[in-house]
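S.K.: Found this in TrEMBL, in case it helps:
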type     : residues : note
TRANSMEM : 121-141  : transmembrane segment
TRANSMEM : 157-181  : transmembrane segment
TRANSMEM : 214-237  : transmembrane segment
TRANSMEM : 246-264  : transmembrane segment
TRANSMEM : 318-337  : transmembrane segment
TRANSMEM : 349-370  : transmembrane segment
TRANSMEM : 431-449  : transmembrane segment
Amino acid sequence: MRSSVDIYLPLDNIFKMYSVFEEKVVAENINFDLLRSDLKVNLKVDNINKHKINSMDLIVQEKEYERFERSRLNSSDGDAVEIHDQFYRDHKLLLILFRVLAVMPILRSEPGRITFSWRSIATIYAIIFWCLMTVVVIIVGKERIHILQTTTQFDEYIYAIIFVIYLVPHFWIPFVGWGVATEVAKYKTSWGAFQLRYFRVTGTSLQFPRLKSLIVVISVGCLLCAILFLLCLSFLLEGYPLWHTLAYYHIITMINMNCALWYINSRAIKTASYSMALCFRKEVMKDCSAPIISKYRFLWLNLSELLQSLGNAYARTYSTLCIFIFVNIVIAVYGAFAEIVDHKHGYTISYKEAGLIVDVVYCCTLLFIFCDCSHNATLGVAKGIQKTLLSINLLKADLEAKNEIDLFIVAIEMNPAIVSLKGYVTVNRELLSGSIGMITVYLLVLIQFKFSLDKSTTNV
């Protein structure tokens, strides 16, 4: 702890210009552009008595000095952001794996900033790796297409379609990976700026308990899941040589990692919202003043924008992933159902149908994780803050604090925390139920065609 001399001297100068911490009060019509700049701190001087300051006890002065030091932090200062960017340090392994798979060649080029460049080493490696794997994918793809063109059996035709579909994600990597890398880099950088603002407002660094160890488990699990999934298909489905799996490992791993990345981002936002709500509750219990409520209003809007930018940054990636999952589920369920009710096999499940069921379960799991994580993150962002705002005793709050509470509630209502893929679709549990309904409709149409064709064949 600093001595009284060390503290009095800076405080003596500080309070000539500043006094009580207060976020800059903006108009009721909140402009989201303010969230992209630093949170400004205004300090009032009119109500401060210098003699009173000098008589403050040591602990209070220490806290005031620390608050002043926090107010000087700036999100444009990369070194300051680097210190508080715990989220990047925790999920760094996941970003490295994406670079190894040549999916997202973004780098920490300088302290506090993540960037993308077409001339970076990571991008050059990604292009070389993708070109080499394209050769392997084309070789395997030609054989799969040949089977698709020559087979006359229904089950082999379904399997051939599925395996060709699983090769498609490789060719969209430049579009959904490299093409959105700049937006993803900005999103990742904004996490560092948010954590610095979080520290400025709350006085504590944002922590993500057990996230680092969880990412290690998830990363290993994604690799093992890809290997196990492809080995199962190779064993259960006929006409699928083991060496063909070489063209699919990086594709399945990429799909798994994309799902894991969405889960990690959603979980981090949920953790941040709960931590912020806890700090907000503690502060308003001690001092329910307008400056405190105003600061947390800005911080909440920043977090809400962070959640929305998650969907905007990855819109291409996850919209194409959803289409891939929908098509896969429809074809696999249709193929399994048609084979099970086929009169040749009776109503028993063979290895072939089991392989299709494994594919359905895999795709449904990915879809559920994608929708459920977004739903939980969306609920978490507003729930804790709203609960605290509604629990404040308005009889003990002054008029300015009441106005700030009203502004906070209006801000939450006017800026709902949602995850939207650039406005095309809102990601929540309703997307899951809507997808099930859409898939069911397509399956009913396909099954009707199947029965109609079987009936017409029998009549002939």
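Residue 1 is the first one shown; counting continues down the chain.
Glycine residues also receive a Cβ, built from the backbone N, Cα and C atoms like all the rest.
Quick caveat, the model's predicted, so the values are computed rather than measured.
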S.K.: Any chance the transmembrane segment (318-337) and the transmembrane segment (157-181) have 3 or more Cβ pairs under 8 A, given the pairs are 6 or more apart in sequence?
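M.R.: Contact between the transmembrane segment (157-181) and the transmembrane segment (318-337): present, because at least 3 Cβ pairs are under 8 Å.
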S.K.: When you scan the chain for residues with a C-beta under 8 Å from the transmembrane segment (349-370), skipping those not six or more beyond its ends, what do you find?
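M.R.: Tertiary neighbours of the transmembrane segment (349-370) are 155, 158-159, 162, 229, 232-233, 235-238, 255-256, 259, 262-263, 318, 321-322, 325, 328-329, 332-333, 335-336, 339-340, 427, 432, 435.
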S.K.: In the same chain, which residue numbers or ranges, 6 or more beyond the ends of the transmembrane segment (246-264), come under 8 angstroms Cβ to Cβ?
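M.R.: Residues 91, 94, 97-98, 101-103, 133, 136-137, 139-141, 166-167, 169-170, 173, 211, 214-215, 218-219, 221-223, 225-227, 229-230, 314, 317-318, 321, 324, 366, 369-370, 373-374 contact the transmembrane segment (246-264) from elsewhere in the chain.
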